[in-house]
Amino acid sequence: QSSHKVRENAFYVRFTSSPFTSSANHIEIQHANFYKELNKSGIDVKIKNVFKRYTNVISIETDERNVKRIAEIEHVESVEPGKLYKRIEFNKKNLKNNAEDFRNETVVIAPDNDINAIHEITGVEKVRETLKLSGKGVRVGIIDSGIDYTHPALGGCFGPGCRVAFGYNFLDDNNDPYDCAGHGTFVTGIIGGIDLRDDGPGFVAYKVLPLDCPSDYDANGKVYNIHGQEFLDMVMKAIIMAVDDGMDIINLSLGPLAIMINDLAKYKGIIFISAAGNDGILGVFTSLMPSDIQNTISVGSFRTDKVLNFKAFDPKNPEFVINYITRSALAFPFQSANVKLFPMNKCSNDYKEFINTLIIIDFRENLSCIDIMIRFNNETLKPVGRFLIFPEIIEEGLPDVSVRNDAMIDSSQADILIQYLEKNTNLELDFSDKYGYMEYKSYSVVPSVFSSWGLSVELDIKPEISAPGQHMFSTFLVNLPPYILDSGTSFSSPYIAGIAALYIEVFGKPQSYEQLKVAFMNNAVPYKDRNNLLAPVVIQGAGFVDAFKLLKATSFVYPPKINLNDTVHFNGHHTLKIYNVGRKEMKYKLSHLPAPSFNGYNKTFVRNYINLEYFPKQEQCAGVEFDYNRIAVPPKSNVEVSVTFTLPKKIPKDLHLFYSGWLEIIPVDENIPTMTVPYAGLADDARSLPLFQTPRFPVLVNLTRNVISKEDPIATFTLKLLNITDGTHDYPFVLLNLATPTSNLITEILDANNKFLGWVKYFTGIKYRKKPIVFIVHWDGLIHYNLDNMTEPGTPAPDGDYFIRIKALKMFGDINNEKEYETWVSPKFKIKRSA
């Protein structure tokens with residue numbers, strides 16, 4: 001995913017009428033009324049782009065204080081913020097002039113090993129062997145950083161008759177979508193990279209993702225940035241072009257504000273497959289836009305059972321072997337090297353003793369010393385290579401190291417190597433074996449720690465399905481390492497897109513996106529996690545994908561998932577429709593498979609499943625009753641079954657438990673696989689969920705980000721301009737990170753006696769802002785007295801003592817009910833302007 005933060009003053013105005021249900025004339029009337037009201041109210045707005053065909057949206061630039069008034073204009077449904085995306089710099093040092101050599105030779109990485117062993121556990125290998133499918137004839141639109149169409153595994157050419165038949169570069173406004181960043185190429189290889197064969201699905205590249213090429217530098221060597229609004233506008237234009245071009249599937253391994261997706265899926269049957277996000281360390285409610293939009297297929301990541309490794313030996317003791325992983329999917333280029341452990345307490349000391357050695361850097365106990373990664377790139381102090389050891393939560397994601405001579409070893413291998421080094425201080429390892437091996441990993445097939453958790457802010461089940469996404473092997477740029485390893489839900493999403501292409505090859509393009517979603521979710525397989533307990537639906541969705549099962553299915557169940565909401569909005573009565581599209585009668589047993597409930601809000605707000613508190617007892621899970629426990633469904637028919645849910649009975653106080661599980665539809669014929677329908681809910685009132693991550697956030701800080709506590713002496717701010725170049729001021733700042741999304745965030749000023757004076761900022765009419773975004777709210781010394789017109793000039797507050805108060809509206813809270821806001825008050829501080 002692209003890194004991003006909220007961009008001030010960039011917004012999207014969505015109107016109530018849809019182009020699919022309203023006339024073009026009606027939409028024109030809404031827009032005309034919008035412009036009229038802006039002029040009438042004197043609201044200063046710059047119109048950036050107008051979208052009328054597949055969505056009814058206008059992108060604008062305006063002062064954020066105008067948002068409340070704009071949201072109140074007739075026919076405006078919502079106002080959503082833009083984002084600022086930063087291009088990832090292109091590392092010219094990594095370029096190698098081997099492109100032509102590579103295109104003319106076969107790359108051998110792991111002889112006698114199945115480099116695509118991942119397809120065994122997903123059923124794809126069985127599909128290829130028994131059904132002889134490849135996805136050929138299916139067109140997949142890749143909205144990403146482009147595609148390196150010169151790669152032989154992706155056809156090796158561009159244009160009519162090539163697998164990458166055409167495309168568009170929205171960054172440079174031309175018809176060449178060549179990828180010089182690699183992300184889109186990696187994604188494309190997962191969907192259908194097949195070496196040296198004109199086979200598999202066809203691709204169309206829509207280049208939008210702001211990952212830069214060498215041409216994107218200005219005269220001073222500074223990389224250009226793409227502002228969020230321009231980027232999101234490009235994504236929307238790319239979606240429109242992909243629909244017009246007749247794409248069967250659109251893959252979005254990125255996180256735009258996908259305003260138009262719901263209607264395109266609903267009214268035109270477009271299949272959108274999107275990454276759930278990589279913020280699992282932060283726990284619940286971290287699914288990424290647009291994956292949490294209702295009509296997408298949201299995909300989470302699993303760790304798989306085999307990973308490409310390379311081996312190093314002790315020549316004096318050949319039985320001692322260390323496995324290591326490189327992002328470049330290449331072994332270390334040198335034959336041997338002396339090995340030394342870098343002491344982490346020597347972060348700032350001289351490094352000369354480590355020249356010409358391979359150093360072991362263990363970050364498990366001291367992440368604060370991570371800047372030595374940069375210092376060791378100094379040419380004079382550079383070791384021949386580095387073994388990097390990370391805490392498990394980082395290790396899962398395979399850090400994006402840019403140096404080829406970097407490798408990662410997991411914690412178990414690291415402990416073995418460090419203990420061995422204590423007894424063999426002059427250890428020299430042999431790296432002469434340049435071929436890889438597919439090694440089994442511990443924990444086998446489990447959800448990735450980094451994979452984002454649901455639910456969505458509407459308490460919808462997200463992600464909906466999971467696929468491989470960790471330590472994935474795929475195509476990269478041919479003038480760099482032509483294949484690499486990488487991790488993220490960005491790569492789980494295209495895996496599902498590839499299976500969707502197989503589905504369309506068999507059944508044709510489905511009449512609706514929901515048909516494909518039902519097929520995927522009904523036939524997913526629930527898996528356990530590292531606790532050896534069923535992973536909650538909130539992290540794995542329906543379960544891990546099974547391609548063979550879904551392509552051979554002759555029955556399906558609707559709906560594909562059941563959202564039970566919170567206790568206030570709980571609806572325990574639902575109906576399943578079981579369809580038999582086969583030629584013979586089917587008999588089923590109905591059963592309930594509960595997952596452990598879990599506390600999504602422990603005291604530290606660290607909520608990945610390694611740290612979660614589980615509640616697996618039956619009375620702490622939902623109850624389920626069917627009106628029939630056994631049914632028979634005639635061929636070409638369907639039967640309805642009523643299901644009654646009851647809330648978990650014994651819920652510990654002050655815990656916000658999420659509960660989930662699966663309804664199992666089990667064929668009596670044991671040769672036919674079970675279908676499942678996941679459900680999930682919150683065993684609490686959503687309005688009780690904590691918003692502020694106290695005590696860590698919110699915090700009052702000064703310009704150097706020093707935290708000011710209530711026990712400290714009163715801090716003084718001069719409000720003085722410190723740096724005219726970057727606009728730095730000596731303002732009081734509040735850092736705020738939300739534990740739960742909110743739709744209203746209000747910043748107020750109180751006097752020394754805690755009396756309300758006025759407002760600083762007021763965010764409203766904006767869809768839920770989601771963590772892990774850190775808000776930085778500053779006060780410039782101006783107080784606003786008119787909440788309905790925050791653009792009026794503020795009044796300078798006199799020098800003196802003040803408090804900042806921040807209020808956040810609880811989930812589903814009443815905007816007009818003060819009791820439904822969570823409130824935080826800063827330590828007292830002083831304003832004393834310099835003379």
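Note: Cβ is positioned from N, Cα and C throughout, glycine not excepted.
Positions annotated as domain 'Peptidase S8/S53' by TrEMBL: 135-529.
Look at TrEMBL and you will find D144 (among others) tagged as active site, charge relay system.
The feature active site, charge relay system is assigned by TrEMBL to H183 (among others). Using a 10 Å Cβ-Cβ cutoff, H183 (active site, charge relay system) registers 24 neighbours.
Annotated active site, charge relay system per TrEMBL: S490 (among others), in sequence order.
If you take every residue in the domain 'C5a peptidase/Subtilisin-like protease SBT2-like Fn3-like' (562-679) and average the pLDDT, you get 90. Summarising the annotation, TrEMBL assigns domain 'C5a peptidase/Subtilisin-like protease SBT2-like Fn3-like' to 562-679.
Rounded to a whole number, the C-alpha distance linking H183 (active site, charge relay system) with D144 (active site, charge relay system) is 7 angstrom. Cβ neighbour count for S490 (active site, charge relay system): 30 (other Cβ atoms within 10 Å of its Cβ, all protein chains included). All protein chains considered, the CB of D144 (active site, charge relay system) has 28 other CB atoms within 10 Å.
When the alpha carbons of D144 (active site, charge relay system) and S490 (active site, charge relay system) are compared, the span between them is 10 angstrom.
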